[in-house]
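Per TrEMBL, the features are as follows:
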| type | residues | note |
| --- | --- | --- |
| COMPBIAS | B:468-478 | compositional bias 'Basic and acidic residues' |
| DOMAIN | B:75-293 | domain 'LUD' |
| DOMAIN | B:311-379 | domain '4Fe-4S ferredoxin-type' |
| DOMAIN | B:399-469 | domain 'Lactate utilization protein B C-terminal' |
| REGION | B:468-499 | region 'Disordered' |
Amino acid sequence: MTIDLFITCLNDAMFPRTGEATVKLLERLGHEVRFNEAQTCCGQMHFNSGYQEDALRLVRHFVETFRDAEVVVAPSGSCVGMVRDLYPRAAEWAGDEELLAEVNALAPRVFELSEFLVRHLGVEDVGAYYPHRVTYHQTCHAMRILRVGDAPLRLLRNVRGLKLAELPAVEQCCGFGGTFSVKNPETSTAMLADKVQSVLSTRAEACTAGDNSCLMHIGGGLSRLQAGTRTVHLAEILASTEAEVFA
Amino acid sequence: MSAGGIVPRQSFQEAARVTLANAQMRRNLGHATTTIREKRLRAVSELPNWEELRDEGAALKDHVLANLGDYLLDLEASVKRRGGQVHWARDAAEARGIIADIAASHGAREVIKVKSITTDEIELNAGLAERGIHAIETDLAELIVQLAEDRPSHILVPAIHRNRAEIRELFRRKLGAEGLTDEPKQLAEAARLYLREKFLTTKVAVSGANFAVAESGTVCIVESEGNGRMCLTMPEVLISVMGLEKVLPTWQDMAVFLRLLPRSSTAERMNPYTSFWSGVTPGDGPREFHLVLLDNGRTDVLADEVGRQTLRCIRCSACLNVCPVYERAGGHAYGSVYPGPIGAILTPQLLHLEDKNANTLPWASSLCGACYDACPVKINIPEVLLYLRGKITEEKPLSAEAIAFKTAAWVMSEPHRFEGAIKLARMGQGPLVRNGAIHALPGMLGGWTESRDLPPIAAQSFREWWRKRPAPEMRGTDGDAQTSEGEPIAPQREDGVPL
Ligand code: SF4
């Protein structure tokens, strides 16, 4: 299958290895991967912060970029959540019928990496090897908007060498929330403190998730505490093999 | 005191700081919400058709809202037919005036109250006090809040932020109840002794309402303590005040909500006391009954296509109990009698999006979506939050933040500009990066680095890497990616920090 990658602005600029891992993983599974260089950002940050008109520019840009894709896959639950759940809202609230029709045609073809692998390709064992103790943080958008369910866990359970440690209070938000973390830093920090505590209680070497925005938050807290536990995107674990540990 | 108890005195951020700094309060809240969250999940999972029930509740409420005028007129006619009187109050001041006039016309110096949230919305206690009438709360938690001269912090458990030791101390001081222990039973007994006398001697009662049935003119309250029933049946005059949206067409509809409400709010299959009353009945209960129908901004909410769903709310408080922001910041941070996720969308709308402090509430959410999942009438709270953010931002004068966002949108709507910006940021971040991370950010972003580090912009962006990739035929047959320089990918990040 020909898969169009959506690497998201955050991954492009700050976490390129997640994108590299996604490419490597999908190619290893035998797919042709394309990266349309016209892509930029899904507009989530703008839309969520109340700048809907500005977000619309990015919504239109996204639609133009990916209009002809068979499927679009992104290693980011929240950005896919934006496309599937909120693009229709954005178009509706702007009263743009044409855009709404385009969005409705495109959005069902846009997938988060783990749901794409498990639900769409029916793959649960990607042949990965990652000999570490890992805990999995369920990000809110993947869990409640995309309903990816246990897709990431199924993938992780099949990773050779990996010991999965259950994260307490797994359904609780890490407190990132995009600009929430900057606009309400004290509340966000209180949420983060509990999440970091949960992560540390698992004695995992790494905390993983399907979204680098949440991991950036959790990782930022762990790093400030100088805790040994690191964060690593799910794609990087899945891309790792015995021949080459990616993450 | 005109718009009532829904006007926040501070922004959410300022008010949240108070609870966040109070370790005891945070512990009380964390403990209480965790317990009730788990109980609710169990109560809900017992019903195989919970999701259908939610759909039914939402659809029924939407039907009512679409025909609200008709059902309210039906309700008015039914109440009158049963010997009750109906009053329409446009705002808080009007409602206070109506209730105070009725109480004063009976020469009341004291009134007893139950189910007080709507009366708190209109700041009735203060309004009555101005007329020399003292209001006495009879819900145990409301009484605690009143005695402590505190404010409610939860819809259902207004004193959720207090623990038993604090309550014992309060009863000792205010009710003269000596020798109490922390036992809930003893605390309840102390309150009962105090309240019993009030039930027996007070002539006028004021209540809220959970529902009202249009076809029969019946008003309904669900509660756990039985104090409500005393309050509704003992006095000579009963005044019930309810928001316009609480009307239901028929008794059949009530059946849906009596299943949805207790499980969502107290995690019970059925609440202990459900009281119904219709007008007046000779020889039984109050001799005079007044129903005050309160608008106070509701018709404006109704007029808004997206915001309208807010009025489906049955005040069960499930959204508060699952909200991670509420759990940390506490109810007082919302500055209104409606705290938590529902407050974050209801309060600013009731105030017509004109109150500066209330307008900070739609940002008091990480958009985790737990509230939407929990809401028995499926109010899409995250959606309304975003919608309100858009409306409020639109109205604001151009701020530094707005300019930043506009610039970012301009940059990101064109890939070359975006790539240029990444390169610029990479060069500019130099002085900020220490040991591979950013520990302090300037300006608007400073909130992040108060407690968190930030990774720097990568030395090579994804698209740079992609461009430098060898052509497919040059790569290994297994499609292994290699860096453009041909080095194997080592287990370390692009910025050179070993993992
Ligand atoms: S918004 Fe929904 S969950 Fe929250 S109090 Fe209202 S009915 Fe309950």
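Including glycine, each Cβ sits where the backbone N, Cα and C put it.
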Please list, for the domain 'Lactate utilization protein B C-terminal' (B:399-469), how many residues fall into helix, strand and coil according to DSSP.
44 helix, 5 strand, 22 coil
Across the domain '4Fe-4S ferredoxin-type' (B:311-379), DSSP labelling yields 39 helix, 0 strand, 30 coil
Mean of pLDDT values spanning the domain '4Fe-4S ferredoxin-type' (B:311-379):
97
